Amino acid sequence: SGLVLVKNPHLESMEEDVLYHLDLGTKTHNLPAMFGDIKFVCVGGSPNRMRAFAQFMQRELGLAAAGEDVADICAGSDRYAMYRAGPVLAVSHGMGIPSISIMLHELIKLLHHAKCRDVTIIRIGTSGGLGIEAGSVVITDTAVDSSFQPRFEQVVLDDVVVRSTELDKDLAEELLACSRDIPDFPTLIGHTMCTYDFYEGQGRLDGALCSFSSEKKLEYLRRAYDAGVRNIEMESTAFAALCGLCGLKGESCHFHLL
């Protein structure tokens, strides 16, 4: 039916579902009226970037006069920001798996309560590239962990639950086709490696701690490249796992800064 799924039997018995970190709820807000016609959700780390993206979409869709601003739907919370431009929702998720996971749980429930159908969700963000030209855009086909495996390990109570991290390959090809109209940004499809840390986890030599040599770092990055990894960030495995389990058509696109 194209509806966004939730896989939690406890939700049905709850009198009210409070989306605490989004400052929204099923009793305090008419979620179907507010969000029922949403077709695209774009998420990214920075609130300011998502605000700028929403403003861009307002202009592209002809929905705003010059200089008109967009309102933060989650202004009552200081955790995340959410902006709307017609059928497009732009939401910030902060940095790292814990932050994006909290946001996605509540966002997915929001889309479910709003009875949204056939929603496409795309993560847009920055990343560190691996063996690619600076300024390239990497479209993720599969998110992998630090061992280059397509999996997301989530500790649930005292069990380690392993979930798949494959993204929608048809959507990846569609986005790659769209990129051919924008020659300024070299674009490719590749694996994205997700780490739990910005410094040691990504092999950086400039953190407060560093327990490896530059030679060991380079050897590891060569193995990552040979395994198909083309960029490194900190959210993609959780993003892919949650989208896949809840029936969301998802993709992840990253701009390589350096």
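Glycine too: its Cβ is placed from the backbone N, Cα and C atoms.
On a predicted model such as this, the values are computed, not experimentally measured, just so you know.
Record features (TrEMBL):
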type	residues	note
DOMAIN	39-249	domain 'Nucleoside phosphorylase'
BINDING	ARG79, ARG123, ILE124, GLY125, THR126	phosphate binding site
BINDING	GLN202, ARG204	substrate binding site
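Here the features listed in TrEMBL are painted onto the structure.
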residue	record	Cβ within 10 Å
ARG79	phosphate binding site	17
ARG123	phosphate binding site	27
ILE124	phosphate binding site	18
GLY125	phosphate binding site	21
THR126	phosphate binding site	16
GLN202	substrate binding site	19
ARG204	substrate binding site	13
Task = Round to a whole number and give the Cα-to-Cα distance in Å for the pair GLN202 (substrate binding site) and ARG79 (phosphate binding site).
result = 25
Query = Between ILE124 (phosphate binding site) and ARG204 (substrate binding site), how far is it from one CA atom to the other, in Å?
reply = 23
